[in-house]
2 protein chains.
Amino acid sequence: MASAEDDLIARYFRPVATHAGALGLIDDAAILAASGEDVVITTDAVIEGVHFLPDDPPETVARKALRVNLSDLAAKGAKPAGFVLTLALRGVSEAWLAPFTAALAEDAKAFGCPLLGGDTVSTPGPLMISVTIFGKLPAGTMVRRSTARPGDIVAVTGTIGDAALGLACLKGHAPLDNVEARDELIARYQVPQPRNALAEAVRTHASAAMDVSDGLAGDLAKLCAASNVSATVETSDLPFSDTARQILSLGAIGPETLIAGGDDYEILCTVPQGRWASFMDSAERAGVAVTAIGRITNGPSAPVFLDAAGAPMHLKRLSYSHF
Amino acid sequence: MASAEDDLIARYFRPVATHAGALGLIDDAAILAASGEDVVITTDAVIEGVHFLPDDPPETVARKALRVNLSDLAAKGAKPAGFVLTLALRGVSEAWLAPFTAALAEDAKAFGCPLLGGDTVSTPGPLMISVTIFGKLPAGTMVRRSTARPGDIVAVTGTIGDAALGLACLKGHAPLDNVEARDELIARYQVPQPRNALAEAVRTHASAAMDVSDGLAGDLAKLCAASNVSATVETSDLPFSDTARQILSLGAIGPETLIAGGDDYEILCTVPQGRWASFMDSAERAGVAVTAIGRITNGPSAPVFLDAAGAPMHLKRLSYSHF
């Protein structure tokens with residue numbers, strides 16, 4: 001069905017724009033009031049064929065586009081405040097837009113992050129959803145990448161590698177007989193579970209943080225480089241799911257796929273030793289699993305991943321790269 | 001040349017990120033401090049083949065991507081504070097990126113609007129540049145679309161229709177012998193001249209405003225609908241350039257192309273009669289040409305464009321529509 005752009009906005013996007021500053025999406029701009037707080041801004045785009053598959057349901061595409069950005073806010077210790085959306089579409093199909101915006105509205109409500117504005121454009125190319133998200137926190141308290149210190153504990157939330165295995169399943173590279181386990185992995189790839197519940201604990205206790213989006217190994221290397229430190233990670237301490245361990249034990253897929261796979265959207269953070277107990281208490285109260293996986297060491301060499309025998313692993317690649 | 005994403009950021013984008021809150025682009029998020037001011041947010045994307053042509057120079061593409069957003073801030077009365085950029089590229093070519101980012105840096109500096117962050121992704125489709133821009137203004141003073149009142153003067157900056165004629169020239173639909181005049185029209189299409197110098201005057205005096213991006217007729221209709229008013233425009237009062245008048249007089253292109261053409265990036269605003277003299281004084285001091293083109297009338301019917309004989313024109317289309 002062909003529809004005018006304004007009609008499209010009124011029908012599908014206005015219900016997601018519950019923030020007063022969105023002005024019902026009838027203006028050219030939105031207003032975000034900030035009385036002395038810092039506004040944290042981050043942007044991430046997802047593209048058909050790169051970040052999601054052409055067959056992925058519109059619901060999961062919507063959730064992923066928003067959640068990869070929510071994950072950044074969580075790692076920075078910020079509380080979600082709203083987002084703007086650029087949607088490049090080949091055309092307008094109600095069958096796609098209706099479930100897409102319904103899922104977007106659900107997530108916007110669940111995470112307290114309403115739509116503030118956007119732009120819908122036509123493209124002959126692949127679908128693209130670009131989100132710029134805004135968070136708030138007390139002035140000067142954003143958790144950075146560049147402030148990890150030697151001796152800090154390196155920690156990660158949830159499990160690592162499941163999303164990469166989910167993608168491998170979707171591409172037929174990880175044959176898995178157990179349908180339920182397979183579906184769980186695919187769900188991890190399609191719908192990230194950003195750890196916004198942990199944001200306040202990260203802001204209060206972590207010395208540095210970022211979210212794991214391109215692969216744990218590469219993202220830790222980035223955090224270390226920004227902080228001018230190094231790290232040692234005990235691979236046997238990494239939080240792999242039972243299914244991931246099972247697949248690893250079969251030998252068809254190595255730990256590298258999990259460590260460098262990307263799409264985890266977990267929080268990677270460093271916590272000073274003296275803060276660790278309080279941090280773990282807060283994490284437990286927030287209901288988010290956190291695992292200590294290593295230590296920050298003196299820089300500036302690349303982080304070292306030790307295998308079960310204590311020998312450094314040689315990773316052929318550290319993370320997903322677009323170019 | 002293939003290059004890692006971080007290398008790309010360091011080489012080409014860091015020089016544009018002069019704002020302290022951009023953290024040198026080594027973090028996942030940027031910080032925008034706002035002590036009691038409102039942050040004005042707007043987003044606009046440009047796509048190859050839709051908003052610019054595949055042959056357009058990278059310099060003009062960069063300027064257009066930023067300036068269409070600067071134009072929104074100007075119309076809202078906000079002062080530029082920074083922007084984030086999502087760049088979807090088919091690959092990395094230094095020959096394209098170097099002039100693109102150099103021009104972006106020049107405009108960022110000229111308009112006082114530094115890069116705060118961004119995302120660079122690969123796409124098999126057309127080039128796409130999505131910008132989300134931030135402005136600041138005193139709390140509660142953003143100029144809206146929805147607040148025009150009957151009796152207000154309808155005004156527009158600069159000239160209308162030159163960009164549409166420039167696009168017609170590029171597509172070979174407006175043969176023009178005068179090369180200089182032709183180049184000027186094309187420049188209007190490729191590099192908008194946002195009226196940020198007028199922002200403060202708009203904020204102080206205008207009752208409602210928006211920028212003209214999709215076509216004067218359609219955009220005025222949107223403003224009127226949002227304000228629940230109508231308008232009467234004297235087409236003979238519209239600010240057409242000498243070249244546009246010349247082309248009109250030849251009869252090959254009608255006034256509709258100019259009025260509904262789009263890509264003007266001028267400010268359309270409504271000013272209460274009692275504010276008009278002060279507004280025009282401010283505009284003169286700012287060095288921005290402003291023309292009164294009509295009056296706001298009681299709503300809610302669509303705005304009327306009167307021809308030279310005072311008869312209502314029948315416009316077949318009001319503006320560019322993506323769908």
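Heads up, residue numbers simply count up from 1 along the chain you see.
A Cβ is built for glycine as well, from the same backbone N, Cα and C atoms used for every other residue.
Taken from TrEMBL, the feature Mg(2+) 3 binding site applies to A:Asp28, A:Asp72, A:Asp211. Taken from TrEMBL, the feature Mg(2+) 4 binding site covers A:Asp28, A:Thr42, A:Asp72. Taken from TrEMBL, the feature Mg(2+) 2 binding site applies to A:Asp44, A:Asp72. What TrEMBL records for A:Gly118, A:Asp119, A:Arg145, A:Ser213 is ATP binding site. Residues or ranges marked as Mg(2+) 5 binding site in TrEMBL: A:Asp214. According to TrEMBL, the domain 'PurM-like N-terminal' annotation covers A:27-136. What TrEMBL records for A:149-301 is domain 'PurM-like C-terminal'.
This view paints the features noted in TrEMBL onto the structure.
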| residue | record | Cβ contacts under 8 Å, 6 or more apart |
| --- | --- | --- |
| A:Asp28 | Mg(2+) 3 binding site | none |
| A:Thr42 | Mg(2+) 4 binding site | A:Asn69, A:Asp72, A:Leu73, A:Lys76, A:Thr132, A:Ile133, A:Gly135 |
| A:Asp44 | Mg(2+) 2 binding site | A:Val68, A:Asn69, A:Asp72, A:Ser130, A:Val131, A:Ser213 |
| A:Gly118 | ATP binding site | A:Phe13, A:Leu25, A:Val84, A:Leu85, A:Thr86, A:Leu87 |
| A:Asp119 | ATP binding site | A:Leu85, A:Thr86, A:Leu87 |
| A:Arg145 | ATP binding site | A:Ala208, A:Ala209, A:Met210, A:Lys222, A:Leu223, A:Ala226, A:Ser227 |
| A:Asp211 | Mg(2+) 3 binding site | A:Ser71, A:Asp72, A:Ala74, A:Ala75, A:Pro194, A:Asp219, A:Tyr265, A:Glu266, A:Ile267, A:Leu268 |
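Across the annotated binding residues for ATP (A:Gly118, A:Asp119, A:Arg145, A:Ser213), the two most widely spaced Cα atoms sit 31 Å apart. Per DSSP, the secondary structure of the domain 'PurM-like N-terminal' (A:27-136) breaks down as 36 helix, 48 strand, 26 coil. Summarising the environment of A:Ser213 (ATP binding site), the number of other Cβ atoms within 10 Å of its Cβ, over all protein chains shown, is 24.
Of all the Cβ atoms in the protein chains shown, 28 others lie within 10 Å of the Cβ of A:Asp72 (Mg(2+) 3 binding site). DSSP assigns A:Asp211 (Mg(2+) 3 binding site) to a strand segment in the three-state reduction.
Model confidence over the domain 'PurM-like N-terminal' (A:27-136) stands at 93, taken as the mean pLDDT rounded to a whole number. Counted within 10 Å of its Cβ, the other Cβ atoms near the residue listed as 'Mg(2+) 5 binding site' come to 20, all protein chains included.
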